[in-house]
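Trainee: Pulled from TrEMBL, these are the listed features:
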{"type": "BINDING", "residues": "9, 383", "note": "Mg(2+) binding site"}
{"type": "BINDING", "residues": "16, 207, 208, 209, 210, 211, 281, 282, 283, 329, 330, 331, 332, 333", "note": "ATP binding site"}
{"type": "BINDING", "residues": "90", "note": "substrate binding site"}
{"type": "ACT_SITE", "residues": "147", "note": "active site, proton donor/acceptor"}
{"type": "SITE", "residues": "179", "note": "site 'Transition state stabilizer'"}
{"type": "SITE", "residues": "240", "note": "site 'Transition state stabilizer'"}
Ligand code: ADP
């Protein structure tokens with residue numbers, strides 16, 4: 001095996017992992033452990049065309065990693081005796097401090113821990129994965145790759161909230177942005193696809209997954225993005241509200257007897273498409289719309305309206321747009337979303353070719369007519385490969 005990086009994405013009750021060769025981009029294995037912390041956990045591991053599965057109790061993230069290592073062994077790879085180049089961890093919040101990936105020593109772990117107040121749903125579980133790996137593989141360099149890093153240098157006018165400056169400084173309140181690894185990767189892949197230097201391209205990147213965010217990228221650098229202090233701001237998402245009047249939070253506290261944590265949970269987990277129509281998967285929502293379901297229709301319309309609002313904002317931000325890039329689960333698969341997001345914009349040189357839009361593929365592709373001024377692209381994201389490459393680069397640089 002040539003140099004390999006184990007990429008870990010630890011969520012609250014799940015652990016996703018991939019063993020990646022960063023130079024070739026080859027995937028040696030991929031897997032997920034779900035329902036961590038329950039007696040009913042399950043794990044699935046794909047390697048060499050075969051799937052290995054196991055079910056049972058998995059107490060915590062460390063136990064989940066041992067489950068993954070057992071599945072690797074079952075598939076014929078003893079990771080405990082393999083020389084890994086690095087373990088690359090997806091870490092959601094890098095705060096003001098981290099603009100680049102970092103090798104995780106005690107100091108970096110403590111700094112990420114301190115940022116937990118900004119990302120209570122994410123950083124503690126990301127660190128659970130880090131701590132478990134440091135225990136199991138003390139000699140392998142552990143690297144953190146931050147979701148916020150690509151947006152670290154947002155222009156001040158895009159990063160700053162219009163609130164009391166002293167309070168903002170004291171509590172580190174600014175727009176951080178998230179999904180940065182994906183926005184950066186997809187921007188580079190779009191430049192490759194167009195065969196143009198990234199530093200000469202103005203892009204609008206639409207990362208539409210269960211979580212969703214848009215960014216404006218000028219010459220390879222992010223100049224605006226929809227997510228803010230936390231991943232709650234911006235677009236309508238699967239279960240998150242995105243933008244709303246902040247007075248709603250105080251209003252609910254006053255009239256609905258909901259405390260701040262209850263409102264926070266509602267806006268993160270029971271809002272967005274799920275809140276609007278009870279479903280958050282576009283396949284189900286599209287099927288319901290086809291059946292004439294009005295709640296699903298309204299949810300879809302609200303989603304598209306918000307998306308178009310930001311596309312318009314970023315066209316103005318950038319002045320000249322070379323390409324609009326769709327990525328992630330919805331962006332890569334939902335042709336109706338792509339068509340409806342960009343309908344009626346021919347006057348701006350933006351159009352979607354209906355035939356090209358229906359092509360299904362894992363490859364980057366153009367879905368705008370050849371003669372359109374703005375290229376509309378579908379570019380599959382690959383955060384794991386990006387994390388593997390960044391980790392390898394950092395470790396090799398010594
Ligand atoms: P995340 O990484 O944020 O969990 P993904 O990028 O995997 O999410 O996107 C998941 C979402 O993609 C699903 O909730 C669903 O709405 C959408 N999706 C996946 N496949 C399809 C498809 N074939 N058609 C339409 N939507 C799809």
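Residue positions begin at 1 at the first shown residue.
Even glycines carry a Cβ here, placed using N, Cα and C.
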Trainee: Give me the CA-CA distance between residue 90 (substrate binding site) and residue 179 (site 'Transition state stabilizer'), in Å, as a whole number.
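Mentor: Computed Cα spacing between residue 90 (substrate binding site) and residue 179 (site 'Transition state stabilizer') is 10 Å.
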Trainee: Of 16, 210, 281, 283, 330, 332, which binding-site residues come within 10 Å of residue 383 (Mg(2+) binding site), going by C-alpha to C-alpha distance?
Mentor: none
Trainee: If you count, for each of the binding-site residues 9, 210, the other Cβ atoms lying within 10 Å of its Cβ, which residue has the minimum?
Mentor: 210
Trainee: Do any residues at least six apart in sequence from residue 240 (site 'Transition state stabilizer'), in the same chain, have a Cβ closer than 8 Å to its Cβ, and if so which, in order?
Mentor: 211, 231, 232, 267, 268, 269, 271, 272
Trainee: Within a 10 Å radius of its Cβ, which of these binding-site residues (281, 332, 383) has the fewest neighbouring Cβ atoms?
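Mentor: Counting other Cβ atoms within 10 Å of each of the binding-site residues 281, 332, 383 gives the minimum at 281.
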Trainee: Between the Cα atoms of residue 9 (Mg(2+) binding site) and residue 16 (ATP binding site), what distance do you get, rounded to the nearest Å?
Mentor: 5
Trainee: Among all the protein chains here, how many other CB atoms are within 10 A of the CB of residue 16 (ATP binding site)?
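Mentor: The answer is 18 other Cβ atoms.
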Trainee: List, in sequence order, those binding-site residues among 210, 281, 283, 330, 332 whose Cα sits within 10 Å of the Cα of residue 179 (site 'Transition state stabilizer').
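Mentor: Within 10 Å of residue 179 (site 'Transition state stabilizer'): none of them.
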Trainee: Where does residue 281 (ATP binding site) sit in the DSSP three-state scheme?
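Mentor: Looking at the DSSP assignment, residue 281 (ATP binding site) belongs to neither helix nor strand, so coil.
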Trainee: How many angstrom lie between the most widely spaced Cα atoms of the ATP binders 16, 207, 208, 209, 210, 211, 281, 282, 283, 329, 330, 331, 332, 333?
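Mentor: Max Cα-Cα spread across the ATP binders: 23 Å.
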Trainee: Any idea what the Cα distance is from residue 283 (ATP binding site) over to residue 147 (active site, proton donor/acceptor), rounded to a whole Å?
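Mentor: That comes out at 27 Å between the alpha carbons.
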Trainee: Given residue 330 (ATP binding site) and residue 147 (active site, proton donor/acceptor), what distance in Å do their CA atoms have, once rounded to a whole number?
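Mentor: Pair distance, Cα basis, whole Å: 19 Å.
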Trainee: Could you state the whole-number distance in Å separating the C-alpha atoms of residue 332 (ATP binding site) and the residue listed as 'active site, proton donor/acceptor'?
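Mentor: On Cα coordinates alone, these residues lie 20 Å apart.
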Trainee: Rank the recorded positions 90, 179, 283 by the number of other Cβ atoms within 10 Å of each Cβ and report the first-ranked residue.
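Mentor: Max Cβ neighbours within 10 Å, all protein chains included: 179.
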Trainee: Output, ordered by sequence, the same-chain residues six or more apart from residue 147 (active site, proton donor/acceptor) with a CB under 8 Å from its CB, or 'none'.
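Mentor: Residue 147 (active site, proton donor/acceptor) has long-range Cβ partners 90, 91, 92, 93, 94, 178, 179, 180, 181.
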